[in-house]
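Visitor: Encoded as structure tokens, here's the structure I'll be asking about.
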Amino acid sequence: MASLLHLLLLSLSLLVLASASPSPPADEGSYIGVNIGTDLSDMPHPTQVVALLKAQEIRHIRLYNADPGLLIALANTGIKVIISIPNDQLLGIGQSNSTAANWVKRNVIAHYPATMITAVSVGSEVLTSLSNAAPVLVSAIKNVHAALLSANLDKLIKVSTPLSTSLILDPFPPSQAFFNRSLNAVIVPLLSFLQSTNSYLMVNVYPYIDYMQSNGVIPLDYALFKPIPPNKEAVDANTLVRYSNAFDAMVDATYFAMAFLNFTNIPVLVTESGWPSKGETNEPDATLDNANTYNSNLIRHVLNKTGTPKRPGIAVSTYIYELYNEDTKAGLSEKNWGLFNANGEPVYVLRLTNSGSVLANDTTNQTYCTAREGADTKMLQAALDWACGPGKIDCSPIKQGETCYEPDNVVAHANYAFDTYYHQTGNNPDACNFNGVASITTTDPSHGTCVFAGSRGNGRNGTSVNITAPSANSTTSSGIRSDLYYSRGIWSILTVMILNVANIL
């Protein structure tokens, strides 16, 4: 009897320990993510950003900061997030453990695991854009990692920093590539840290920039992933490996540059890659068609899991630069790297036949009716009252305790009421006016479990999305929900064990 009780107590201890600690994320192979910049004159609300991500089935994003509003909106969505420490904060974090710990507490611990933060990007292209911060870069990375370690999150959240491929000298043939030796005092300890923590090297890969700077040496088709005949492929004379596109050659140059410093097992994560859809007069190849061609082919190439010629079959996950056109940036091409405009309309519709579902939805045919930005709240309330009264729509989902009650404000409730009325009239544009306080948008206003009429996410008016426990071999995650189901499973097992022991006794 004593041995049975001892066994039960031991099992209880092990199971409680297991349920208390999240497990490291499983390797999901190569994936496509998207960068989200905020240099827009009319930045969409975080709930609109998340609605667009959901509509396009984007499951991985990278932020250039740790915007709390967006991190809150991303909670319980299952979208995996890389957050960033801006370059102008590096000095403080690199010089002070406590500053790094406070940053992690405020921007990671406050949101995780509801928001699935997978990595912290410490600065961006620091060695080429902020040379005075180079001496503290590795210290900043280590201080952030130490703060994650103290919170038992170091196995769950990676720490790295994006490098520009301009640091790689003699990039072709790739087998001869090496990092700028003048920066080895920073790069060697950086790579040593990445290797010791099982992290990845973040690299920004832009065939467009290399193509522009090559003065015609790099063919356009080679930069765009377009098919080229075998006799036009680039051949590495040292390895006899053939390259059919610039992207693979640049990634392999990164692998070889690391190997030159005796680091051969650090994976590469491409944190930025893309092509502008407009440019200045000296950028004739910054066109809609070329941007569409490059990004469509990039997505197809990454998701085919072919890897690179040096490392075939090894995942090279990539984040497209970028989700929105950033109209406040200087220079025409800098304003036009986005896949979408601020209102959610696609700049172009990607050609992604047989390439999975990510970014494959044409949002141009999806329209919604929402409150016009800056509309008078009294007029909004009057229009809301009309829609729920004489307008004869079902407003029960925005009552207290129901699926669309939160956020509890007139704009959110008006959005639901206006859109429901609009869809009940068959998407009649005249129905989306409400005395001038409403307007039509292509951005899905659904949020959390509140799914609007016509949403690709569900298509039901204000009803909650079904949430079921993931299967034992599920490769997806849903933040707190998955932890909840896991905990329920643990306690179910404990209950069975206790009952069995009781029967034996």
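Numbering starts at 1 and runs along the chain as it is shown here.
Yeah, the Cβs are placed from backbone N, Cα and C, and that goes for glycine too.
Pulled these from Swiss-Prot:
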SIGNAL    1-20  signal peptide
CARBOHYD  ASN97  N-linked glycosylation site
ACT_SITE  GLU125  active site, proton donor
CARBOHYD  ASN180  N-linked glycosylation site
CARBOHYD  ASN262  N-linked glycosylation site
ACT_SITE  GLU272  active site, nucleophile
CARBOHYD  ASN304  N-linked glycosylation site
CARBOHYD  ASN361  N-linked glycosylation site
CARBOHYD  ASN365  N-linked glycosylation site
DISULFID  CYS369-CYS432  disulfide bond
CARBOHYD  ASN461  N-linked glycosylation site
CARBOHYD  ASN466  N-linked glycosylation site
CARBOHYD  ASN473  N-linked glycosylation site
LIPID     SER477  GPI-anchor amidated serine
Visitor: Only counting partners 6 or more residues apart, tell me which same-chain residues put their Cβ under 8 Å from the Cβ of ASN97 (N-linked glycosylation site).
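Guide: Expected: ASN143, ALA146, ALA147.
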Visitor: Counting every protein chain present, what is the number of Cβ atoms, excluding its own, within 10 Å of the Cβ of GLU125 (active site, proton donor)?
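Guide: Other Cβ atoms found within 10 Å: 20.
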Visitor: Tell me which of the recorded positions ASN180, ASN262, GLU272, CYS369, CYS432 ends up closest to the residue listed as 'active site, proton donor' in space, Cα to Cα.
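Guide: If we rank ASN180, ASN262, GLU272, CYS369, CYS432 by Cα distance to the residue listed as 'active site, proton donor', first place goes to GLU272.
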Visitor: Taking just the CA atoms, what is the gap between ASN262 (N-linked glycosylation site) and CYS432 (disulfide bond) in Å?
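Guide: Cα to Cα, ASN262 (N-linked glycosylation site) and CYS432 (disulfide bond) are separated by 63 Å.
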Visitor: Rank the disulfide-bonded residues CYS369, CYS432 by the number of other Cβ atoms within 10 Å of each Cβ and report the first-ranked residue.
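Guide: By the 10 Å Cβ neighbour count, CYS369 comes out on top.
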Visitor: Consider the recorded positions GLU272, ASN304, CYS369, CYS432 and say which one has the Cα lying nearest the Cα of ASN180 (N-linked glycosylation site).
Guide: GLU272
Visitor: Translate the DSSP assignment of ASN262 (N-linked glycosylation site) into the three-state scheme.
Guide: coil
Visitor: Relative to the Cβ position of ASN262 (N-linked glycosylation site), how many further Cβ atoms are located within 10 Å?
Guide: 10
Visitor: State the Cα to Cα distance, in Å, between ASN304 (N-linked glycosylation site) and the residue listed as 'active site, nucleophile', rounded to an integer.
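Guide: Computed Cα spacing between ASN304 (N-linked glycosylation site) and the residue listed as 'active site, nucleophile' is 19 Å.
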Visitor: Quick check for the class: what is the C-alpha distance, in angstrom and rounded, between CYS369 (disulfide bond) and GLU272 (active site, nucleophile)?
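Guide: Per the Cα atoms, CYS369 (disulfide bond) and GLU272 (active site, nucleophile) stand 34 Å apart.
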